[in-house]
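Novice: Here it is, the structure in full.
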């Protein structure tokens, strides 16, 4: 099942549990605006090339729309729609005053020089500058984009609207980026895991963890779990997979990955089949990479007792049912990976106030938000007698529906 179908299914299930009126349900599902623009740039050799850029703005009932911009050759409109919708519910679960958006350009950033990427980013910004804004739609980095991309968008946007640091988040620190933003999603995953484990009378210390994906999110989660005394016994990414039943020395693995660019040939662990990681014997499994990795084919073999969804949509609905029957507790993506958007919100707040926070305050406030959101989800689970995924969806959808009705949009 693709991301859009799964997200819509979860939304409809939540709408039923909440007893939403069908008109309200329909208005919450349809995106507020979809933008598609043509971006033509001269390449370094002088030839012209055209790309398609787009932005899906899903909902603005609770505040400006917020979501990433990705540069990827297969930018699928359905997936972008699903991710924009997911951002709406995610922001509401985290209780930050945003709606959802998502966008990008259908290109392969690896094939473009830095100056070509800059030209493309600036042309894209010129095409959408009057449709984004500090109080309208605030982009952020995603696959294939980074802090530098945000710096170019900020600069181009400011030519039209004056200096506006709050128009994008995930910026370089020197241009108003927030301390703690880089580690935010991984740190949020760890705070989420702590909240869930505490509910079951456990702590990170002494438990075993398997982590799929060792990019930004996976590596920060691994590092912070290691610091808290958790045993990371298996790690994988696109370059390979390693395991050590006594626990991998994460700082050493990070140094190895930085120097070689790969997990292969790491001395402190044995190599393993990357596909085996998801069914490896451990207490907690954290998928931090692609969507749909837990499915009908492997869900029955999962040995973890807890799954923390750090990736977007890593568990298919079919896998959800199999895992529920096995008694595996799944902490859903719209809560577990919301640390990134939460600290993006802190960055936006700092930019609007013109007053920057120290890193301690960022991390402390993030922990408060993640812990509070977990207890709100648990309350919804009790109210509606449902699992954590539906607890999170009912929480998010009910907040957006309330805001929509209060604004009188259903008339």
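Backbone N, Cα and C atoms are what each Cβ position is placed from, and that goes for glycine too.
Pulled these from TrEMBL:
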type: BINDING; residues: 66, 90, 344; note: substrate binding site
type: ACT_SITE; residues: 102; note: active site, proton donor
type: SITE; residues: 142; note: site 'Important for catalysis'
type: BINDING; residues: 185, 216; note: NAD(+) binding site
Novice: Excluding 66, 90, 344, which residues of the same chain place their Cβ within 8 Å of the centroid of the Cβ atoms of the recorded substrate site?
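Specialist: Here the nearby residues are 67, 87, 91, 94, 96, 98, 100, 140, 338, 340, 341, 342, 345.
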Novice: Is it possible to get the count of other C-beta atoms within 10 angstroms of the C-beta of residue 142 (site 'Important for catalysis')?
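Specialist: Step by step: centre on the Cβ of residue 142 (site 'Important for catalysis'), count other Cβ atoms within 10 Å, giving 19.
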Novice: Look at each of the binding-site residues, 185, 216, 344, and point out the one with the fewest other Cβ atoms around it within 10 Å.
Specialist: 216
Novice: What number of additional C-beta atoms lies within 10 angstroms of the C-beta atom of residue 90 (substrate binding site)?
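Specialist: I count 28 other Cβ atoms within 10 Å of it.
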Novice: What is the Cβ neighbour count of residue 102 (active site, proton donor) at a 10 Å cut-off, with all protein chains included?
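Specialist: Other Cβ atoms found within 10 Å: 29.
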Novice: When you rank 102, 142, 185, 216 by Cα distance to residue 66 (substrate binding site), which of the recorded positions ends up on top as the closest?
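Specialist: Comparing Cα positions, the closest of these recorded positions turns out to be 102.
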Novice: May I ask for the distance between residue 90 (substrate binding site) and residue 216 (NAD(+) binding site), taken between their Cα atoms and rounded to an integer number of Å?
Specialist: 20
Novice: Could you state the CA-to-CA distance between residue 216 (NAD(+) binding site) and the residue listed as 'active site, proton donor' to the nearest Å?
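Specialist: About 20 Å separates the two Cα atoms.
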Novice: From the recorded positions 102, 142, 344, pick the residue whose C-alpha lies nearest to the C-alpha of residue 185 (NAD(+) binding site).
Specialist: 344
